[in-house]
Amino acid sequence: MQRLRWLRDWKSSGRGLTAAKEPGARSSPLQAMRILQLILLALATGLVGGETRIIKGFECKPHSQPWQAALFEKTRLLCGATLIAPRWLLTAAHCLKPRYIVHLGQHNLQKEEGCEQTRTATESFPHPGFNNSLPNKDHRNDIMLVKMASPVSITWAVRPLTLSSRCVTAGTSCLISGWGSTSSPQLRLPHTLRCANITIIEHQKCENAYPGNITDTMVCASVQEGGKDSCQGDSGGPLVCNQSLQGIISWGQDPCAITRKPGVYTKVCKYVDWIQETMKNN
């Protein structure tokens with residue numbers, strides 16, 4: 001678990017990749033060596049929870065995903081998220097932090113585009129069934145609501161995505177999006193939002209790919225020949241099918257985009273009642 005947490009905490013900076021540290025922490029050659037060891041161990045395990053990347057996708061048409069949000073901790077991109085109401089975001093529970101800076105309405109994270117909105121958020125509601133003590137071992141109920149301090153203004157560039165209690169079936173074409181790395185195992189972090197078209201696969205094939213790790217609240221998606229996937233770098237982002245939110249990017253295989261090893265998503269249709277009740281009570 002700890003080694004995967006270290007892998008998740010790597011980030012992008014203007015000079016390349018640096019290891020994220022808690023405020024006040026100091027690095028040392030010994031710590032740097034330990035970080036490298038943990039990363040190599042995490043890669044060796046194969047299964048990776050957390051931050052995802054869009055592999056072999058394409059640059060999204062600017063502002064074509066107006067529900068897409070980016071969760072930052074200060075200047076560090078933590079996860080993706082989906083706007084589902086003026087004050088509410090849906091993301092993965094393993095993205096839990098005490099405070100976020102939320103960026104919406106952006107395509108290029110390094111440019112001011114005139115339509116972006118920024119909010120803070122300190123209230124998070126992970127699903128009560130999520131095992132936060134084992135965030136990279138137990139992937140069940142990997143879903144969380146985040147309440148922003150103030151509502152966003154609904155514009156052409158910032159707009160909520162519809163939820164649906166009707167689950168999609170195998171063969172449905174869907175879209176994933178995020179700002180994570182565009183290659184695996186090497187990390188190449190884009191500035192602009194990336195998209196990929198993928199397809200929902202049969203539940204039995206999903207179980208066969210990850211024996212003992214798949215529940216009925218998870219859904220798998222990929223392309224049959226491999227090559228397109230979500231993986232480390234931007235967890236919590238949306239899986240959009242038929243213009244509704246059907247999945248939250250959760251976990252999968254590393255290296256990513258391997259044939260017969262699809263990405264695994266939290267099946268949002270199974271949680272609509274919990275989402276609505278949590279928003280109503282808070």
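One is the number of the first residue shown, and numbering goes on along the chain from there.
Backbone N, Cα and C define each Cβ position, glycine as well.
Per Swiss-Prot, these features apply:
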{"type": "SIGNAL", "residues": "1-50", "note": "signal peptide"}
{"type": "DOMAIN", "residues": "53-280", "note": "domain 'Peptidase S1'"}
{"type": "DISULFID", "residues": "Cys60-Cys195", "note": "disulfide bond"}
{"type": "DISULFID", "residues": "Cys79-Cys95", "note": "disulfide bond"}
{"type": "ACT_SITE", "residues": "His94", "note": "active site, charge relay system"}
{"type": "CARBOHYD", "residues": "Asn131", "note": "N-linked glycosylation site"}
{"type": "ACT_SITE", "residues": "Asp142", "note": "active site, charge relay system"}
{"type": "DISULFID", "residues": "Cys167-Cys269", "note": "disulfide bond"}
{"type": "DISULFID", "residues": "Cys174-Cys241", "note": "disulfide bond"}
{"type": "CARBOHYD", "residues": "Asn197", "note": "N-linked glycosylation site"}
{"type": "DISULFID", "residues": "Cys206-Cys220", "note": "disulfide bond"}
{"type": "CARBOHYD", "residues": "Asn213", "note": "N-linked glycosylation site"}
{"type": "DISULFID", "residues": "Cys231-Cys256", "note": "disulfide bond"}
{"type": "ACT_SITE", "residues": "Ser235", "note": "active site, charge relay system"}
{"type": "CARBOHYD", "residues": "Asn242", "note": "N-linked glycosylation site"}
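Location within the structure of each feature annotated in Swiss-Prot.
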residue : record                           : DSSP class
Cys95   : disulfide bond                   : helix
Asn131  : N-linked glycosylation site      : coil
Asp142  : active site, charge relay system : coil
Cys167  : disulfide bond                   : coil
Cys174  : disulfide bond                   : strand
Asn197  : N-linked glycosylation site      : strand
Cys206  : disulfide bond                   : helix
Cys220  : disulfide bond                   : strand
Cys241  : disulfide bond                   : strand
Does Asn242 (N-linked glycosylation site) have same-chain partners at least 6 apart in sequence with Cβ under 8 Å from its own Cβ, and which are they?
Ser164, Val168, Thr172
Check Cys269 (disulfide bond) against DSSP and tell me helix, strand or coil, would you?
helix
Select the most exposed residue of Cys79, Cys167, Cys174, Cys241, where exposure means the fewest other Cβ atoms within 10 Å, treating these as the disulfide-bonded residues.
Cys167
Identify which of the recorded positions Asn197, Cys206, Cys220 has its Cβ surrounded by the largest number of other Cβ atoms within 10 Å, counting every protein chain shown.
Cys220
State the count of C-beta atoms found within 10 angstroms of the C-beta of His94 (active site, charge relay system), not counting that atom itself.
28
Reported as an integer number of Å, what is the Cα distance between Cys167 (disulfide bond) and Asp142 (active site, charge relay system)?
17
Local backbone state of Cys79 (disulfide bond), from DSSP in three classes:
strand
